[in-house]
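The feature domain '4'-phosphopantetheinyl transferase N-terminal' is assigned by TrEMBL to 56-116. Annotation source TrEMBL lists CoA binding site at Arg62, Arg70, Ser106, His107, Asp128, Glu171, Lys175. Per TrEMBL, the feature domain '4'-phosphopantetheinyl transferase' maps to 124-194. The Mg(2+) binding site annotation in TrEMBL covers Asp128, Ile129, Glu130.
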Amino acid sequence: MAIVPASYHETAFYDAPEAVWPWPDNSGECHCLTLRYSPDDEPSADMAASLPPQLLRAVPKRKAEFLAGRKCAAEAIRRLTGQAIFPGMGEDRAPIWPEGVVGAISHSGDRAIALAGAGSRFLGIGIDIEKLLSEEEAADIATQALTAHELYSLGTGIDPFMTGLIFSAKESLFKALYPTVRRLFFFEVAELSAYDEEGSGTLRLTADLDGGWRKGTEVPFRFGHFEGFLLTRILLPPRDAP
């Protein structure tokens with residue numbers, strides 16, 4: 001990790017981060033920041049100095065999304081702690097958050113987003129941003145992200161919104177659970193068990209996972225829209241919370 005220098009914020013490579021909260025509940029002790037960036041531009045030498053070794057030879061798009069996501073994260077951390085910390089990348093490629101902070105980062109198209117909260121309030125945090133799917137995109141994703149039961153529940157045809165919602169919620173679930181599970185797991189370990197038009201939903205685990213996560217556990221999520229993107233979010237309370 002590194003403290004973000006002031007010059008890091010002064011570039012046309014991306015917009016200044018802005019706060020956003022498109023979900024039906026209040027933000028509590030979390031901060032969510034988003035920005036637009038140029039995914040096809042090569043970062044400047046000064047910006048590239050913040051890249052981890054794993055990304056020094058990456059294509060410009062991967063470098064750009066990394067830097068944009070970390071800039072959002074640094075601003076979220078600053079609002080939490082008073083200090084802008086640029087999260088590094090671990091050997092497992094997950095963000096390294098400063099002590100006392102949990103969070104998640106996502107990006108899609110030219111938009112990056114980060115959500116961070118106090119580690120004393122949350123066991124894990126997950127966020128995902130996705131552009132709205134076309135019917136063709138939904139058909140491709142459904143075969144990867146939806147279980148047979150989910151496909152059956154949706155009936156005939158592929159619903160682009162529901163496919164995108166389930167896919168995004170599972171992406172958020174992975175990010176929220178990973179700090180305690182500490183291994184990769186795939187889309188079939190959870191299924192959509194409920195959702196409503198107000199922006200609330202629930203995923204149910206279909207298998208046991210490391211870290212004490214048991215089959216049948218239900219994990220609530222929230223979803224909303226922002227500038228043509230679908231955003232999902234998961235906030236896991238501490239294990240001793242009621």
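Cβ coordinates are placed from backbone N, Cα and C, and glycine is handled just like the others.
Unlike curated records, TrEMBL annotations are generated automatically.
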Fewest other C-beta atoms within 10 angstroms, as judged across Arg62, Arg70, His107, Lys175, which are the binding-site residues: Arg62
Neighbouring C-beta atoms (10 Å sphere around the C-beta of Ser106 (CoA binding site)): 26
Proximal but sequence-remote residues of the same chain as Glu130 (Mg(2+) binding site) (Cβ under 8 Å, at least 6 apart): Ser108, Gly164, Phe167, Ser168, Glu171, Phe229, Leu230
For the domain '4'-phosphopantetheinyl transferase N-terminal' (56-116), the number of residues DSSP places in helix, strand and coil: 22 helix, 20 strand, 19 coil
8 Å Cβ shell about Asp128, Ile129, Glu130 centroid, Mg(2+) site members excluded: Ser106, Ser108, Ile113, Ile127, Ser168, Glu171, Ser172, Phe229, Leu230, Leu231, Thr232
Between Ser106 (CoA binding site) and Ile129 (Mg(2+) binding site), the C-alpha gap once rounded to whole angstrom: 6
